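Worksheet: the structure to be examined is printed underneath.
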Amino acid sequence: MASLLSSQLLIFSLFCLSAASSPPSLLALNCSSPSLQRPPLQSLFSNLTSQVAKTRFIDSTNMMGFHGLIMQCRLDLSPTRCIICAQNAVRTVSTLCPYSNSGTAWFDGCYLQYHHRFSPEDFVTSTNISCSSQIHVLDRVQFELALETLFLRLRSEINLATHHQFSSGELTYGNRSKVYGLAECVRFMSPEECEACVAEGVERLHKHCGGKDGGTVVAGNCVVRFEVYQFFSYMDAGGSETGGGTDVGTRMTEGGGSMCFRAKVALAWGVVVACLIGIVLSAWLMRRSVVNTAKVATFGYGDDKIGRRS
């Protein structure tokens with residue numbers, strides 16, 4: 001009994017830890033042709049992963065024959081989540097592109113780029129289109145109108161100085177339904193290049209995922225995404241949760257109300273508390289089983305004595 005409870009306790013603990021530390025999703029990846037020598041990506045980016053959390057963007061050049069070493073975190077990520085995303089990006093690219101002298105990768109929260117100076121012809125940006133599902137929304141006409149309106153607003157805001165080429169927001173339409181959108185450019189782009197890239201991404205998004213309940217387009221140096229649930233945090237220009245001041249995210253409501261980021265934080269805390277309660281309960285049950293076994297042995301009611309009495 002004790003060994004069974006110990007196994008259940010271990011499995012439950014591992015489940016809680018894995019649920020709390022899931023890595024960010026890979027959205028798009030491009031690797032150059034393999035070379036004879038493996039580039040030391042871990043060494044190249046070791047210092048950048050800790051520094052990127054401060055400014056959310058680092059462009060480093062001329063390191064070990066490489067230039068265009070770029071790391072960028074989405075502006076709404078906390079410093080901790082930014083570092084986790086950057087570290088996961090380096091590990092993933094090192095695994096999937098071990099002998100490539102150049103590569104670009106978009107993740108759900110961060111971007112990574114590296115480029116060797118002797119292989120400029122191999123450098124190609126990442127592109128990808130994916131729809132969240134094949135399910136169409138119920139009121140397609142109102143939904144697509146709301147989505148178009150939301151992306152027009154995001155495109156008009158993305159090049160504002162306080163947005164740092166990142167814009168997110170929500171729009172309430174119809175019977176209190178909501179759609180959430182995000183647009184982001186790599187921050188070395190000019191405002192004109194960013195605007196053109198986002199416009200192309202939005203066009204592809206309407207073409208391939210129009211009427212569906214979500215979709216993501218990686219169009220080289222920018223990414224655009226929409227969902228029917230909130231997948232980003234509302235942060236101010238300084239990188240903290242909004243409680244006043246300039247809001248990087250845009251809330252456009254027609255029926256009132258909006259999903260609050262603090263509600264998601266409370267939900268996460270609820271999961272953590274539930275995990276801790278489960279661990280304590282399992283430990284108590286295991287201890288109780290051990291005590292009961294000891295009592296049985298003390299009072300002489302083991303299987304051998306029961307057999308003699310009968």
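Just so you know, glycine gets a Cβ as well, placed from its N, Cα and C.
As recorded in TrEMBL:
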SIGNAL    1-20  signal peptide
DOMAIN    19-119  domain 'Gnk2-homologous'
DOMAIN    125-231  domain 'Gnk2-homologous'
TRANSMEM  266-285  transmembrane segment
(request) Kindly state the mean pLDDT of the domain 'Gnk2-homologous' (19-119) in the predicted structure. (result) 82
(request) Using DSSP, break the domain 'Gnk2-homologous' (19-119) down into helix, strand and coil residues and give each count. (result) 35 helix, 34 strand, 32 coil
